[in-house]
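Here's the structure, in structure tokens; my notes come after.
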Amino acid sequence: MSNIVAIVGRPNVGKSTFFNRLVGARIAIMDDESGVTRDRHYGEAEWCGKFFTVIDTGGYVTGSDDIFEGQIRDQVDIAIDEADVILFLVDSDVGVHHLDQEFANKIRRSKKPVILVANKSDNNKRLHMSAEFYELGMGEVWPISSQNGTGTGELLDEVISHFKDEGEEDPNKGIPRIAVLGRPNAGKSSYVNALLGTNRSIVTDQAGTTRDSITSHYNVFGKEFIFVDTAGIRKKSRIKEDVEYYSILRSVKALEESDVCVIMIDAERGIESQDMNIIWMAHNNKKGIVILVNKWDLIEKDSKTAQVFQENIREALKPIDYPLIMFISVLNKQRLFQSVEAIMKVYENRGKRIPTSELNDKILKEIDYNPPPATKQKYVKIKYVTQLPTKSPTFAFFCNLPQYVGESYSRFLEHKIRGYFDFEGVPISIVYRKK
């Protein structure tokens with residue numbers, strides 16, 4: 001079981017900078033704009049052989065009618081509830097703020113170890129100013145600089161002293177990683193929240209609500225998954241803020257690190273150019289692809305509506321013809337568990353291995369019936385085929401003249417492999433080697 005440390009505090013005290021220092025990567029978005037982190041998100045850290053999960057949270061604000069700030073408070077409450085140790089960050093450059101006092105009163109009631117961290121203590125003046133925070137009545141004050149690392153070693157010694165065990169190294173290893181992608185407001189966060197049964201990400205009718213890629217664990221059918229809810233990806237010309245630009249970079253990174261990409265499409269809008277760009281990105285990165293057409297409950301239907309809609313998607317995506325397509329309604333919870341079964345199938349297809357003997361028995365017969373066409377009076381003779389030990393299905397065909405095999409014949413071989421062995425939802429790579 002991983003130990004959990006939550007980083008909390010009012011806006012713009014450096015929580016995300018400290019989070020990134022602990023986990024050793026720029027996972028959370030950092031910006032001078034207050035309220036950049038809206039959701040809670042997780043990273044893994046280690047200190048002196050002790051492993052722990054770190055939760056970064058949004059800035060806690062009271063007395064505001066802003067819809068986002070109200071939901072951020074809920075996210076912070078959930079993080080506090082999950083945590084074994086709470087790091088309460090304050091700003092030495094500003095001194096004691098009334099929100100610090102209000103938040104101190106709140107977390108004092110949690111009955112959990114709370115460590116008061118005076119961030120931005122990166123010069124002598126601020127170091128002396130950090131003593132002001134003793135008036136919060138939270139015990140010892142730990143001055144640090146998340147920017148340059150000053151004081152973090154001593155702080156982490158204190159943090160791990162509260163752990164009951166050493167935790168796990170890389171607890172996510174081997175767990176299927178699913179990136180939920182799509183245009184803004186396609187229903188990505190609502191989908192993840194519906195599966196989890198909790199408000200893991202903030203959901204409103206306003207596009208662009210999710211700014212960071214939010215990671216969640218999900219157990220179903222005796223299997224564990226990691227779902228990554230991402231910010232909506234839109235065209236570069238429509239990106240108006242630096243923060244949105246960084247959000248999209250995180251979404252692309254989530255795609256690159258995933259095993260299966262779930263692309264959410266709004267049924268009322270149909271498949272659009274940016275949907276196709278995302279699918280092509282997943283294809284080029286050799287990821288499994290599941291297309292979920294959301295808001296299907298809003299479409300007037302007859303017996304052929306789904307078939308026609310699916311044909312339109314496949315026509316738009318040519319020559320990519322393998323994604324698994326499903327129609328769902330997150331609002332009405334229609335086919336949500338079936339969608340997880342589809343994701344599971346695609347994940348298993350991506351890792352499927354075909355024995356060489358079975359592969360040759362089936363595919364060489366097809367090659368005998370339809371050999372590669374001659375090029376420049378050169379005849380290609382394929383001797384055998386084997387599957388390579390790669391993350392996504394790759395098949396090597398050994399032949400006398402690999403340079404003369406055309407792309408159309410590769411598509412023919414891919415079609416036959418799919419017909420015999422069912423690789424729905426995953427790309428297949430064909431390579432040729434000289435024998």
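Note: Cβ is positioned from N, Cα and C throughout, glycine not excepted.
According to Swiss-Prot, the features are:
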type	residues	note
DOMAIN	3-167	domain 'EngA-type G 1'
BINDING	9-16, 56-60, 119-122	GTP 1 binding site
DOMAIN	176-351	domain 'EngA-type G 2'
BINDING	182-189, 229-233, 294-297	GTP 2 binding site
DOMAIN	352-435	domain 'KH-like'
Q: Measuring Cα to Cα, tell me the gap between GLY9 (GTP 1 binding site) and THR230 (GTP 2 binding site) in whole angstrom.
A: 24
Q | Nearest-integer angstrom distance between the alpha carbons (Cα) of LYS188 (GTP 2 binding site) and THR57 (GTP 1 binding site) | A | 20
Q.
With every protein chain in view, what's the tally of Cβ atoms within 10 Å of the Cβ of ASN185 (GTP 2 binding site), excluding that atom itself?
A. 20
Q | Cβ neighbours within the same chain of SER121 (GTP 1 binding site) - under 8 Å, at least six residues apart | A | SER92, LEU127, MET129, SER130, PRO143, ILE144, SER145, THR150, GLY151
Q: If we count other C-beta atoms within 10 Å, could you say which of the binding-site residues TYR60, TRP296 has the fewest?
A: TRP296
Q: Quick one: of the binding-site residues ASN12, LYS15, THR57, TYR60, which has its CA closest to the CA of GLY182 (GTP 2 binding site)?
A: THR57
**Q.** Cβ neighbour count within 10 Å of LYS15 (GTP 1 binding site)
**A.** 29
Q. Counting every protein chain present, what is the number of Cβ atoms, excluding its own, within 10 Å of the Cβ of LYS188 (GTP 2 binding site)?
A. 32
Q.
Looking only at the domain 'KH-like' (352-435), how are its residues distributed among DSSP helix, strand and coil?
A. 32 helix, 20 strand, 32 coil
Q | Rounded Cα-Cα span from THR230 (GTP 2 binding site) to LYS15 (GTP 1 binding site), Å | A | 20
Q. Here are the binding-site residues: ASN12, THR57, THR230. Which has the lowest count of other Cβ atoms within 10 Å?
A. ASN12
